[in-house]
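> Straight from TrEMBL, here's the annotation block:
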DOMAIN    53-433  domain 'Amidohydrolase-related'
BINDING   H62, H64, K149, D317  Zn(2+) 1 binding site
BINDING   K149, H188, H244  Zn(2+) 2 binding site
MOD_RES   K149  N6-carboxylysine
Amino acid sequence: MNRLDLIIRKGTVVLQDECRQLDIGIRNGKIAALGENLVVSEQTPVYDAEGLTILPGMIDAHVHFNEPSLGHWEGFVTGSASLAAGGCTTYIDMPLNGVPPTVRLSALELKLDAAEGQSHVDYALWGGLVPGNINELEGLAQAGVIGFKAFMSCPGGEGEDIFTEVDDETLVNGMKEIARLGLVLALHAESEEIVSKLAAEAARAGKRSALDFIATRPIAAEVEAVNRALGYAKQTGCKLHFVHISSAEAVQIITEAKVEGLDVTVETCPHYLALTDVEVERLGPLAKCAPPIRTAEDQARLWAELKAGRFDIIASDHSPSPKHMKQGDFFEAWGGISGAQSSLELMLHEGHLRRGVPLPELARMLALEPAKRFGLYPRKGEIAIGADADLALVDLAGSYTLQESDLLYRHKQSPYVGKTFNCSVKATFLRGVKVYERGVGVGASLEGTWLRHSASIGGGLDG
Ligand SMILES: NC(=O)NC(NC(N)=O)C(=O)[O-]
Ligand SMILES: [Zn+2]
Ligand SMILES: [Zn+2]
């Protein structure tokens, strides 16, 4: 056998359909061998993973790292460090909350400059669709964004050059153009009409609590937006990806559209599966996000959809801010949850250990489907010969209670501080290099590279 650079020995490897105790042989950053008792020369370094479970590194398709300009909210170095510590090896950065937003080529260049040499793990980038930028989309696609994101409700944020929601005309025309480019449109689906009306009513009535906020963004607002977008997708042939879906109702509508043949995928986030409105009341603005976290019954129905295999992708929607913006009046506070470091552990704890979701099924939503949907497959997304050796080594008996000091975010806040996880990420490998080890921390080198989507038309990944 050819020389190997590293063998990861005797871990329980999560494959597409089963888990098996295997050795993983790595050469030049790729998985070169998978087998029982791989034979190696005495010089080959060995990492003993006996007792550990090895998943493909998570691909977090939804993070907001806020650079350029708002690196004091979160940045590539700190955000990617938290991901490495959470078993994530690739992320896709959203086009908003940095200034300027990634809605034109010059902004993409600033984003790329901010990211270069600053990431612990690999990354790809979203472009944005906003009113007035349809003629920018082709340039962004050719430059290598993996798709476009649009908001159907107001994204929030203050300042001149910020991301804004689409009107229906922009949405339809944008979909036509994105269909032509062969990319996916990711949608934040909440009806602005419904939520702004309810928010104005709440304000008039002096309603300011967490539960009041949740009531201004009902499931009906999500359902209306999803239905409308699906109608436009039918009309334009645009591929859609619904981000952070919070209700079983919306999942059911999207599932029907899939059955009808629409090219549509659906994502949810760990916070909708791990938290309820009761906890939002207790945690306050720390747990504020849109769409909001809902009732225990809504959450149970979301789990039922997940167990039925109806979600394609699980992503963090890590959207942090400085601490002072996550305090005080619930309606005024920043909407967005800081949770990226805990995504994989939350899904293992809440999904696998507590609810029996099989590990290959979790790996499908956390790595395989995002890789396939956004042009990263087969280089990324599964543990297979020829793929990048991107691996999350987890201890499914490694119970610990999350402390603020464990967090690697720029701002050490998370709604999960104090939560006991019955599992923990022990080590993370990016292209065969250990970028995180529990108890040691993240490595000093910043080896994450940009995964440039190669040409719009036809798809696929460069390099
Ligand atoms: N401006 C934001 O980052 N918004 C995000 N905020 C949430 N989800 O509360 C999002 O993705 O909608
Ligand atoms: Zn959103
Ligand atoms: Zn988001």
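Each residue, glycine too, has its Cβ placed from N, Cα and C.
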> When DSSP states are folded down to helix, strand and coil, where does H64 (Zn(2+) 1 binding site) land?
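It is coil.
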> Excluding H62, H64, K149, D317, please set out which residues of the same chain place their CB within 8 Å of the center of the CB atoms of the Zn(2+) 1 site, keeping sequence order.
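Once H62, H64, K149, D317 are set aside, the remaining close residues are A61, V63, M94, L96, W126, A186, V243, H244, A315, H318, S319.
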> Taking a cut-off of under 6 Å between Cβ and any atom of ligand 1, tell me which of the binding-site residues H62, H64, H188, D317 pass.
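Correct list: H64, H188, D317.
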> Got a sec? Which of H62, K149, H188, the binding-site residues, have CB under 6 Å of any ligand 2 atom?
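Listed by sequence, the hits are H188.
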> Could you round the CA separation between H188 (Zn(2+) 2 binding site) and D317 (Zn(2+) 1 binding site) to a whole angstrom and send it over?
11
> Other residues with Cβ within 8 Å of the Cβ centroid of K149, H188, H244 at the Zn(2+) 2 site?
H62, M94, F151, A186, L187, A189, F242, V243, D317
> Same-chain residues six or more away whose CB lies under 8 A from the CB of D317 (Zn(2+) 1 binding site)?
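Expected: H62, V63, H64, V243, H244, C269, H271, C289, G336, I337, G339.
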> Which state, by DSSP, holds H188 (Zn(2+) 2 binding site): helix, strand or coil?
strand
> Please list, in sequence order, the residues in the chain of K149 (Zn(2+) 1 binding site) that are at least six apart in sequence and whose C-beta is under 8 Å away from its C-beta.
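Counting only residues 6 or more apart in sequence, the Cβ neighbours of K149 (Zn(2+) 1 binding site) under 8 Å are M94, P95, L96, W126, G127, G128, L129, L185, A186, L187, H188, V243.
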> Can you give me the average pLDDT across the domain 'Amidohydrolase-related' (53-433), rounded to a whole number?
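98, rounded to a whole number.
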